[in-house]
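Annotated features, as they stand in TrEMBL:
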COMPBIAS  660-702  compositional bias 'Basic and acidic residues'
DOMAIN    123-285  domain 'Lipase maturation factor 1/2 N-terminal'
DOMAIN    440-582  domain 'Lipase maturation factor 1/2 C-terminal'
REGION    655-702  region 'Disordered'
TRANSMEM  12-30  transmembrane segment
TRANSMEM  77-95  transmembrane segment
TRANSMEM  102-123  transmembrane segment
TRANSMEM  129-146  transmembrane segment
TRANSMEM  158-178  transmembrane segment
TRANSMEM  216-238  transmembrane segment
TRANSMEM  245-263  transmembrane segment
TRANSMEM  309-327  transmembrane segment
TRANSMEM  356-377  transmembrane segment
TRANSMEM  389-413  transmembrane segment
TRANSMEM  632-651  transmembrane segment
Amino acid sequence: MGDIKLPKHMFLWSMSVIYMFAFASLYAQIPGLYGNDGILPARRMLRYTGKPLLEQLQDSPTLLWLGPQLGLDTQQGMELICLLGTLIAFGAMVWEPLRDALIFLFLWVLYLSLYQVGQVFLYFQWDSLLLETGFLTVLVAPFNLFKWKSTVSKRHDGITFWLIRWLFFRLMFASGVVKLTSRCPTWWGLTALTYHYETQCIPTPVSWFAHQLPVWFQKLSVVGTYAIEVAVPFMFFAPIRSMRIVSFYLQALLQVLIILTGNYNFFNLLTIVLSLSLLDDEHVYFFLGHRKQNKSRSWTQTLIKWGTALAELASYCLIVYWTVVYFELEINWEKKSISSKTAFTYHEFNQWLKAVAIPSIWIGVLSLTWEITTAMFKCASVRGFFWKLWATIQWAIFATAATCMFAVSLVPYTYIENDSNSKIWPGVRTMYDSVDRFQLVNSYGLFRRMTGVGGRPEVVVEGSYDKETWTEIEFMYKPGNVSAAPPVVAPHQPRLDWQMWFAALGPHAQSPWFTGLVQRLLQGKKDVIDLVQVDESQYPFKSHPPTFIRARLYKYWFTKVNEDGSVPRKWWRRQFSEEFYPTVFLGDPNLDSLLSHFGLKDKGQPKRNADTFLPVTLRAVREYARPLPAPLILWSLFFTGAAICLLKVLFSGSRSSSSKNKEKEAVAAVEKNDQAVKKEEKEKTKRTENSADCDKYAKKRK
C-alpha cells in the first residue's frame, strides 16, 4: 500500500456520518419501542439490585446505570444518549479535530450502551458491524489532543487501517459462503433473485422494475454475486495495487445496486466505508483529476511493470474461467441470453471450503506481518533518538493491539467451517469469550436463506369497534396497501416494520413483542402509534382506540407488466393465507395470559421524574421532533453538515487563492522595486561616465 492519508480521512469522515444516521434514526423510535408505554420497555432490562456501579457495569456494560443519578428514567436516558451521539457525530462530520480517537471511543460506548438494552429491535447484523467497525475506528483515528504527536502517529497507520480491510474480507467472504453452506435450493439453483426483490424486508420502487427482468439475467446476477463475494475478496490482499483497486470498484458496484433495490438503512453505506481500506492516496488523487507526471523508467522497472500486468491479467482470466466452468455459462445467440447452472455439489464445495479456510488465515497473517514490518522500518527512519523511541513505543502498542484483534476475530470467522474452528488455539478462544459481550468481533452471513418462495408472507393488523366491521391498520413503510408504491427510507431503519417482516415467517409465539404491540394499540398509546403512522390523519383509529384487534397473514406478490408493455396501477397483488393472531380485547383472558407468559404485563406506572432541567429539556426536544418523519430528520442533518463542509472547502480555497494573489503581488512589487533600483544604478553610472568624459575633454582643451 502507498500512503493512506486521504483514504483514512475519508474513512473517519464517513464513520461520523454513519454514527449520526444510526443515533438519529434510533432516537425517533425510542418512545414507541423502549419507552414506559412502548412495545418492549427498556426499564425491564435494568434491574437495580443495590450492587456497586462497577459490578452493574460488568453484568451489563451500559451508561444507562447512571440515569437515576441524573434524574432520568431509562427512556430518557436512551434519548439523552441518542442526542449526544447525534450531536457529537455531527460535530465530527463538520470539524476535523473532533475526528479523534477519544471521540470515537465515546461514540462506541454510547452505541454499546443502547445495544445492551435494545433487545430484539437492535439484534441486527449491521448493529454488530457498526460496533465492531466503531471499535476499530478508535485504533485508526489519531489523537488530536497533542499536535506534536501527529507527525509520529502516521508511522503505524498502515497497521490499524489493515484491520478494516480484514473485517471487510470477513464480511464479504462469509456473506458469499453461507449462501451455499445453507443448502438453500434457490441459491444453489441460481433463482434467488427471482424472489429476492419482492420478498426482502422493505423494497424500493426500483425493486419492482428489477423483478421484471428475465430469469436468465436474474440467474446471471446470482453468479456475479458469488464471484464478487467469494472470489474477489482474496484480491484485497494482493501484492499488486491495481488488483485491490479493481476489487474496490466491484464491491462498491454491488453495494450501490443493493442500495437502489432495497432499504437496508446504513448497512450498505457502512460496507462501502469499509472498502475505502483498499485505496491509497495516489488513486484518490487520480480520481480527483490530479494525475502524476510519468517519469522515465529504467529497463528493470519496465520489466517489473509488464510482469505485474501479466500476473494481474492471469488472475482475472482465472476468475472468469472458474466462473464459466463451475456455473456452466453458455451464450445462446438465438435467444440473446446466457444460460447458467451450478456445476458442483455441496460435498465438493464443502471440501473446497475446508481447503481454503486455513490458507485464508495464513494470507491474513502474511499481510499483517508485512504491514507491521513496513511500519517498523518507518519508525527506524525517524530522526532523533527521542522521536525514534516514541515512534517505536507507538508501533509496539498498535502492532500488539492489531495482532490481538486479528487473533480474536479468527473465532467468529471460522464459524463458516467447523473443522477450522476446532483448530483455533484454546487461548484465543478464551480471549474471545472474555470480550464477546462488547461486540468487538462478530460473525456475519447475510441472506443465508431466501424466504417467500411461495409468496411474500405479510402480517396485516386489523381493528374493529363492533367485531364485525374491520379496518386495516397500514404501516408507513412495510407493504400493506396494494396500490401504494414501495417507499425509499434508507438510511433510516424502521425497526418495527423490519420485525413485522420477521414475525410473518413463523407463528406469533416466536415473536413475543407482537403481543406487546397489540396491547399498546388497544390502549391507544401515542408513542407506539407514531411508529405505525406519524401522520394522525392516516391512522384509522385516531379519535378512539379500537375495541378489538386481530392479525391476518397474507401472501404478497409484485404485479407484472401488462401485455401491451404498460405499467399497472397496482404495485402488489395479495391473497389471504391464514389467521396470524386471534381476536383480542383489553381484559381478554387470552391476551392477559400471553402478556404474563412473555413477561410483558404492566406492573404499575413508573415514578414520574422531577421537573429538573435535563428531563424538561429532553421532553421539549421530543415534542419538537415528534411530528417530523425520521427520514426527513436524517437527511436534514446530513445536508446541513455537507453544506457546512462545502462552505469550509470553498472558504479555505478562496483564502488560499487570495493568499497566493498576495504573494504574487508581493513578488511583483519586489521585482518592480529591484528593476527601479537597477534602473537608478544604470542612470547613476551613466552620469558618472558623462562627467568623466567632460573632464577628459576639458583637459584636452587646456
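Glycine too: its Cβ is placed from the backbone N, Cα and C atoms.
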Local confidence of the prediction over the domain 'Lipase maturation factor 1/2 N-terminal' (123-285), expressed as mean pLDDT: 91
Contacting positions for the transmembrane segment (158-178) when only residues 6+ beyond its ends and CB under 8 Å are counted: 1, 4, 7-8, 11, 129, 132-133, 136, 139-140, 225-226, 228-230, 232-233, 236-237, 251, 271, 274-278, 353, 360, 364, 367-368, 371-372, 374-375, 395, 398-399, 401-402, 405-406, 409, 412-413, 415-416, 443-448
Spatial neighbours of the transmembrane segment (389-413) far in sequence, C-beta under 8 Å, 6+ residues away: 136, 139, 152-153, 155-156, 159-160, 162-163, 166-167, 170, 174, 361, 364-365, 368, 371-372, 375-376, 378-380, 382, 421, 424, 428-429, 431-432, 435, 440-444
Composition by DSSP (helix, strand, coil) of residues within the domain 'Lipase maturation factor 1/2 C-terminal' (440-582): 33 helix, 34 strand, 76 coil
Annotated stretches the transmembrane segment (12-30) and the transmembrane segment (216-238) touching (3 or more Cβ pairs under 8 Å): no
Best-contacting stretch, by C-beta pairs under 8 Å, relative to the transmembrane segment (77-95) and drawn from 102-123, 129-146, 356-377, 632-651: 102-123
Residues from the same chain, set at least six apart from the ends of the transmembrane segment (102-123), whose C-beta lies under 8 A from its own: 12, 15, 19, 22-23, 26, 29, 33-34, 40, 42, 45-46, 60-64, 74, 78, 81-82, 84-85, 88-89, 92, 130-131, 134-135, 137-138, 141, 143, 145, 438-439, 495-496, 499, 513
Tertiary contacts of the transmembrane segment (632-651), as residues 6+ beyond its ends and Cβ separation under 8 Å: 17, 20-21, 24-25, 28, 86, 90, 93-94, 491-492, 625
